[in-house]
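Novice: Below are the features listed in TrEMBL for this protein:
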- 11-332: domain 'Acyltransferase 3' (DOMAIN)
- 16-34: transmembrane segment (TRANSMEM)
- 46-66: transmembrane segment (TRANSMEM)
- 86-110: transmembrane segment (TRANSMEM)
- 130-148: transmembrane segment (TRANSMEM)
- 153-170: transmembrane segment (TRANSMEM)
- 182-203: transmembrane segment (TRANSMEM)
- 215-234: transmembrane segment (TRANSMEM)
- 246-264: transmembrane segment (TRANSMEM)
- 285-303: transmembrane segment (TRANSMEM)
- 315-339: transmembrane segment (TRANSMEM)
Amino acid sequence: MTGNLKDQRAHGLDSLRGIAASAVVFVHAVHIHPLGVYYKNWGADYYAMGVPLFFIISAMSMSLAYPKGVSFDRSWAYALRRFFRIAPLFYVMLFAWLYIGVQAETGTIIRNITFLFGFVPSEQTSLVPAGWSIGVEAIFYLLFPFLWIWRNIWSAVFLFLLACLGWGYVNLSSQGEVPDFYYWTSFFTNAPYFALGLIVWCAYRWTPKSYERPVGYLALGAGIAGLIYMYLFGPVLDQAQTLNKPVPLALVLGWGFAFASLALSQALRPVFFLYNPFTRFLGKISYSLYLMHPFLIYNTNLTRWAATLTDNPDLVVPIVCVITLAVAIPIATVIYYAVEVPFIRLARRITKPDLRNPASQQLAS
């Protein structure tokens, strides 16, 4: 395998990450502020599924980046890199939200600083809007070196079944009165997505080179077909579902398998409409784009102004989404180079020699 092809595969997953971040921008552009006009929804609620796509990509890319696991003597390097990857930007946004007046007890702030908020049901949404997924990721990072020791399909399937049991514990057992977004943001609800990412890594590793093209295209077709099916016939995804309803297993597995197929396809054979200079760039700045955009939308009239630019209800959502993304991208780019890049480089300098697969470094960084 040539180095260029390896880079393509790394960027193929990264491009999907950029698409996922953009989808989350879209759903928040439509829903954070009332747009004040009549509009056709265009299934905007379903853009929230960009976060589960993140989780699948995260599990697969971490497995690719650490193909031999994390040895005990290098566990400190693994922990430091993961911390420097997510913490600096999260702290910047946490400070920004506290600065503009978000109220919280000292203990809650400490749990956000230490990424322990994901373990507390009443706090797992985070003080940073959209930050709930960072709490879920932090738990996955903590478990990754221990749960993924035996790297084979049987271990992946076992972890998948275990994750489904975790889903059942949260969504099937009687929880009584629960905080808003409890079911949707629980690590246990989202654990099957990570397990599917591990299964996809096994499928990727097992695919013979001579079959990479047909298997990649087959996975792409299966993924697209799965997305269409889930949108048309799957459990309804709306604001009530994310706010206070137990999450159906059919929703998790249906969207999960579709996204897993897409991830496999882009690792094996990236295609231009998903893998191109624009989506690669979105993938590069995806973390900044994801964590910054709620602050932009909440503190400006951008989306409400954009909604007034057309009298056609069919065009309101597309215009609002495109304009919000167009404004968010340059801001996210500045934040990426000012906050993310320096700490990524610092972590690499501190933790040399590298414990990861050099060809896959950009996947987990």
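Including glycine, each Cβ sits where the backbone N, Cα and C put it.
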Novice: Are there residues at least 6 beyond the ends of the transmembrane segment (130-148) whose Cβ is under 8 Å from a Cβ of it, and what are they?
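Specialist: Distal contacts: 24, 28, 51, 54-55, 58-59, 62-63, 66, 69-70, 75, 78, 82, 86, 90, 93-94, 112, 115, 117-119, 124, 155, 159, 181, 185, 187, 190, 194, 198, 290-291, 293-294.
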Novice: In the same chain, who gets a Cβ under 8 Å from the transmembrane segment (46-66) while lying at least 6 residues past its ends?
Specialist: 10, 13, 16-17, 19-24, 26-27, 78, 133, 136-137, 140, 144, 148, 151, 190, 193-198, 200-201, 204, 231, 237, 242, 252, 255-256, 259-260, 262-263, 267, 290, 355-357, 360-361, 363-364
Novice: Let me spell it out: take the transmembrane segment (16-34), skip the flanking residues so only those 6+ beyond its ends count, and list any with a Cβ under 8 Å from a Cβ in it.
Specialist: 41, 44-51, 53-54, 57, 130, 239, 262-263, 266, 274, 279-287, 289-290, 293-294, 297-298, 301, 303-304, 317, 320-321, 324-325, 328
Novice: Taking the transmembrane segment (246-264) as the first stretch and the transmembrane segment (86-110) as the second, find out whether 3 or more Cβ pairs fall under 8 Å, excluding pairs closer than 6 in sequence.
Specialist: no
Novice: Would you mind giving the whole-number mean pLDDT across the domain 'Acyltransferase 3' (11-332)?
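Specialist: Summing pLDDT over the domain 'Acyltransferase 3' (11-332) and dividing by its length gives 95.
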